[in-house]
Amino acid sequence: MKFGESLQLALIPEFAEQYVDYNGIKRKIQLVAALPEDERKKLLRRNSDGSWPKGSIDEMLENDLQKVVNLFNTRIVQLDNYVTRLSTEKSPNTEITQALSSSYEAEEKAKQLKELDFRLQQLSSFCEWNKLAFEKLAANMDKHLGTERLVTFYEQKVCKLDFANSSKIYESMIALKALNSSQNDSEVKDKLEKLSIHHPLKKDLLAFIQLDIAAEVVTACINAPDSVLVDILAASIIAGAKACMREVIGRIGLRSECLASALRRAINNLCGPDEGVLYFLEVLKQICSVVYVDSYHSNRLLSRILLVERNSKGQSVMHSVAKLGWAGLCSKFCEIVSSIPDSEPLNWMLPCWRDVMHDTPLTLAIKGNHVEALHALLSAQDKETTSTKPGPVPPLVLTCCVGDYDLIVEELILAGFNPNEVDASSNTALHTAVRYNRPECVKMLLKLGANPSARDFLNSWTPLMLASATGLSEIVSILVASGASVDEVDSSGWTAMEQAVVRGYLHLADKLRTQVALSDKPVNLHTLYIKASSSEMRSRKRAMDLQLSRSVVIIRISDLAGRIRVSLQGDDAVYVSGRSPSFAASRPSSVDFMSQSTDSLSKNDTTASNGSMTPSSSQNNSVIIDIPRSHFDNAGEVCLENLAEPDEIADDSIHLHYDAAQENSPQPVNGSSPPYELVFVTRNTEEATITIDLLANRSHKILGRTVCCLTSLVSDLGNHMQSLKPLAPLPLLSSKTLKPIAHVNADVLISKVTVDDRFSSNDGISTPALSLEAVSNVSRTALEDAERSLHKSATTTSESGKSNGVAVIGHRGLGKNQPDRLSLQLGENTLQSFIKAADLGASYVELDVQMTKDMVPVVYHDFIVNETGTDAQVHSLTLEQFLGASHSPSEEIKDDASDIQQKRRPRAYSSSFTPSGSQVNFGEFAEENARLKPKVYKGNALGHTICAPFTTLKDVLKEVPQSVGLNVEFKYPMLSEAEEEKLLPIAYDYNFYVDTILSIIKKYGGKRKYIFSSFNPDICILLSLKSTNPVLFLTEGGTAYRTDVRAASLRQALKFASQWSFLGIVSACEPLIMCPRLIKAVKQLGLSCYTYGVLNNDVDNVRRQVRFGVDAVIVDNVLAIRRALNQYDESLESD
C-alpha cells in the first residue's frame, strides 16, 4: 500500500484538518515535474523578498508545517496543564470520602490517567506520521525535481522542531508515570484504612444527614477544611437534606468553585431521583436573595456553578449531567442559563464547551446514547447555531461512529443538523454508518434526507460502493431500495458490483447488476487495491534466488498489535529485505526497509564457485514492524509501568513500517486480514530459533518476549506427515513479571534446500546460486521472460479480441465427467482422456496429482476414494489398494503394484499380503456404498463413462505425447476443505510432497511444457521457490468459503500472485463472467488469466471472456469450445 493511503487510515479525527496534505502536495510535485524546465525552476526559486512563489510546493510545505507546529504546541501545553491539575488536586478527607462511597474518585482519577495516556499516544502518532510525510515529500522533490529539500527543508528545519523529537512528549509521560505511582500509593493507603473496624463519626454523620438534623452536621463542620465541607454538602444534596445544605453553604460561603465541585460530586453519585439537586438550587436561590440586592449577582453565580467552573478534566456540571443522561437536570439547567438576562444563545458546538478530551455536553450525550438528555440540550440550543461548523467530527458522523443510534440521528436532524455534512476526510454520516455497519442509522439518514450519491474523498465511493466493498448485504439492500444508483463508477471507473465481486461477495451481484454498457478500455486499479507493494515483490524475488544456497523461512504474525521485533537466530540467518537497490546510496530514514548494516552485508558477502555465501559479521537477522492497533498507526505500546526513558539507544534491527500489509479498503465487521509475512533465509533450520519482542513506543525497550524453536512451529506428525490445524498461540511474557501479557499467533513455512537444483523443463534456463549482493541488484527478469516466451502461444490474446491466442485446456483430460451428459464420456483423469484431449486440439491438459501412502504420485481428483466401499483418503491407501479400487485396473498397473508390494518388507513372519492374481476388487462395493451415502457423482464411474483404470503420474508422463503441455494441479487440502469433506486434518509435509512430485516430473517428464498450479497458497510458494516453471494460483474467487484469506477472494488471490511473481491465476469463471472487466485488471497486473468451471461449457460465456482478454479456459467439452471459438474468429474476420 502506498504511504498516502496508509496516512488516510492513520488520521485521528480530532486532528484531521491539521495533517500534512500529503496527496495534494505529491500531485503538485508530479504536475511541476511535467512542466518545462524554465517554469519548473521559477516555481522552485524564492522571490526577491525571500518568500516562496504563491501556490508553489515550498509554500504548501511551509504552511502545512506551520499547521502541524501550531497544533502540537497547543496540545502539548493542554496535556501538560492536565497533568499539573491532576498532580496538584487535593485529596478529599478519607473518612468523609468513605462515607460517600468515594472510591468513585479514585476510579475517576484512574480513568483520567488512562485517557491522558491515550491522548499522549495520539499526539505521538500525529507527530510521527507528519514527520514521516515531510521526509517522504522532501525525498520526492529531490527525486523528481532535482532539489535538495531533504537537507535544506527536512533536516535543517523540520527535524529541529519540537514535534519532530520526543523530548516534550517524554517529559509528559514521565510526569504521568510519577502521578500514576502516587495514585497507586494512595489506593494502598485507602485499602489499609478500610480495614479499621470503627468509624463512629462516619456512621453518625451519615445518619444525621439522612434525617436532615442540621445541628449535628454543624458540629462536624467546625474547623473542617474545604474538602470536608464539599463532601458533606455533596452528601446533603444526595440525601435531599435542605437544612444541612443551608448550614454547609453558610460555612462554605458563595464560592462558586466549592459549590460546583460539591454539585458535580453529588451528580456523579446519584443513583435515584434527582430531587436533591433541585433542592440545592432552591436553597441556593434563597440564600442569594438574602445576600444580594438584585438578581444579577445570583444569576452570575448560578452561571459560574453550572457552566464555568471545571474539574481537572475540563468538565463543567453540564458535562456531568449530559454524560450520565439526567434529562430532567439537563432541562432545568438549560432553563436556568437561558433565563439569565443578556446571556448568549446556547451553542454546544463552540470551542468553549470542549473539555480536555474535546468533548462537549452534546457529544457526551451522543456517546452515552442518552436520547432524552440530548433532546433537552438541543431544545435549549438556538436553531441558527446548527449551521455553525461543529469541529473536526460533526455530531451525526460521531453518532454513526459510536453506535447504531438511530434515535440520536433523528434528534440531531430534526434539530437542524445537515445530514449531508462531511468531516475532515469528506465522509458523510451515511458513509460512516456504512463503514461501521449501522443499518438502523442508514435507514434513518435516508429517511431524513441523506444523499445516497454522496462521494468520499479517497476513492470517490458512494455509500453503496462502500457497502458493496465490505460485503454488507443488509445495508446494500437498504441503499438499493432507497434509490441508490448501481450504475455509477468510482474515481477508477469501477462499479459497486465489481467492487463486491472482486472481494468475494458474489451473493451481492444480483442486487448490484447494472444495465449500462461499460467501457472495455483499461481502467485504473487504484480503488480495487489488488496491487502488491514493490518491496514485497522484491523481497520474494530475492528469496527465490537465494533458495539454492539457503532455506527460505516465511514467518507470519497475527493477533498482535504494536511495535514488534521479529528475529531469527541461526546459522547465517538473514532477513530478506525488499528495499530497492537504488536507495543503497541514499541516507537511511526511520522507515527504510533495510539498515546500513544490510548494505555492508551486500558488500562483504562473497560468492564461492559452488554458489555458497561467506557469512559476514554485519548480517542482519531481525526486523521491526509497526502493526496498527487502532485507527491511528505506530502508536506502539506505551505502558505506564514499563515506560521507556528517552535516551535509550536503539539497536541495529531493520525497521519496517509495515504499510504494505495493512488493508486500505474497508474491512467488513469481524472480517479478517492476511497475517504479517516476513521472509528470512538460513542455512540450518533445525537449530534456528525465533524471538518475538513487543517494544515500547519510540524506543527499543522490551516490554514482552516470546522465544521458540523454528521447528516447533511446524506441526510434524512423523513419517513425513503434518497437521493441517494451526498451532496454539504463543504466550508473550512480560519482561518484568514474566507473566503472560498477550498471545501471538505465529505460523511458519519453510522451503528447505534440496540436493538437486531447482526443477526446470527448459534447458536454456539455468539459475546459479547468487550472493545477497547479486540478489539485491540482479532480478529474475531474464528467467521470467524466458518462461513467458516459452508459453506465449498458450497465454497471449490478440488485440482484436480474437480467440486464436486463447488456450483451450481439457479439464481433467478430455473433460470433467457429468451425470447429465447424454453421450458416453471417457473417464476423467485417465490416460485415454488425456490422449484424446490432445488429439482434439487441447493446448494443455489439466490433471490432479496426489500421493499414496507409499509415496507414489497418482492422478486422482477427490481427496476421498470411496470406490472401496468405505471413505479412505488417498494418502491412507497404498498404491496397490488405490489401483485395486479402480473399476478396471490394467494388467500393467497390476504388475507395477505387485512389484512395489513384494519389495516391501513384512513387519512379522505372520503377516502377508494378497497376491496380485487374487487381489480384492473393491469396485464390487461401490454400488452398495453409493446407496448408503448421499448422491455425490464420481468421475470415471462404471455405467456412466467409458471406464478406465486409475493411473499414476509416471504413466501419464510416459504415455501422453510430448507435444501436449501438462497443467499439473498439486492437490493438497486446506483446513476449510478438510472440514467440508470431513477429512482427517493431516497431510504430507509440504516440502516432502512437492519434492517427491517434482522429482518424478524431472525424471520422466521429458521436454514438454509444464504449468504448475494449486489451490493451496503455501504449495504455490514452494513451487515458485523450488521450480523455475510457471506457477498458477488456483482460486475459487469467493464461490466457496475458505479460512485462508489468500484463497477467499479474487482480490486477495491477485495480490498474492503479484507478490510471488506467479505466471497468473486460475479463477472460477463465475466472478469473471459477472464482471468481465476484471480480466483486464488481471492483465494490467502483468498476470495471465485462466478460468475454469461449469459455466465455461457455455460458448457465450467463453466468448465474453475472450473479448476481455482471457488467456486460457479450462473446459469439459474441448472439441465444442474449440470449434465455437474458431467460428467466432471467422465471424470477426468477415465483419
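Cβ atoms are placed via backbone N, Cα and C, with glycine included.
If you look up Swiss-Prot, you'll see 806-1125 marked as domain 'GP-PDE'.
The phosphoserine annotation in Swiss-Prot covers Ser580 (among others).
Per Swiss-Prot, the feature phosphoserine maps to Ser582 (among others).
Taken from Swiss-Prot, the feature phosphoserine applies to Ser910 (among others).
The phosphoserine annotation in Swiss-Prot covers Ser911 (among others), and the record cites experimental evidence as its basis.
Per Swiss-Prot, the feature phosphoserine maps to Ser912 (among others).
Annotation comment: Swiss-Prot describes 583-621 (among others) as region 'Disordered'.
The region 'Disordered' annotation in Swiss-Prot covers 786-821 (among others).
Taken from Swiss-Prot, the feature region 'Disordered' covers 888-915 (among others).
The repeat 'ANK 2' annotation in Swiss-Prot covers 391-421. Long-range Cβ contacts of the repeat 'ANK 2' (391-421) within its own chain (Cβ-Cβ under 8 Å, at least 6 residues beyond either end) map to 13-17, 349, 351, 354, 358, 362-363, 366-367, 369, 371, 374-375, 378, 381, 383, 427-430, 432-433, 436, 438-441, 443-445, 448-451, 454.
Packing against the repeat 'ANK 4' (459-488) from elsewhere in the chain are residues 428, 430-431, 433-435, 437, 439, 442-443, 446, 452-453, 495-497, 499-500, 503-505, 507-508, 511-516, 526-527, 665-669, 671: each is 6 or more residues past its ends and has a CB under 8 Å from a CB in it. Under the heading repeat 'ANK 4', Swiss-Prot lists 459-488, citing sequence analysis as support.
Under DSSP, the residues of the repeat 'ANK 5' (492-521) split into helix, strand and coil as follows: 14 helix, 1 strand, 15 coil. Annotated repeat 'ANK 5' per Swiss-Prot: 492-521, in sequence order.
Across the residues of the repeat 'ANK 4' (459-488), the predicted structure has a mean pLDDT of 94. Each residue in the repeat 'ANK 2' (391-421) gets a DSSP state, and the totals come to 17 helix, 0 strand, 14 coil.
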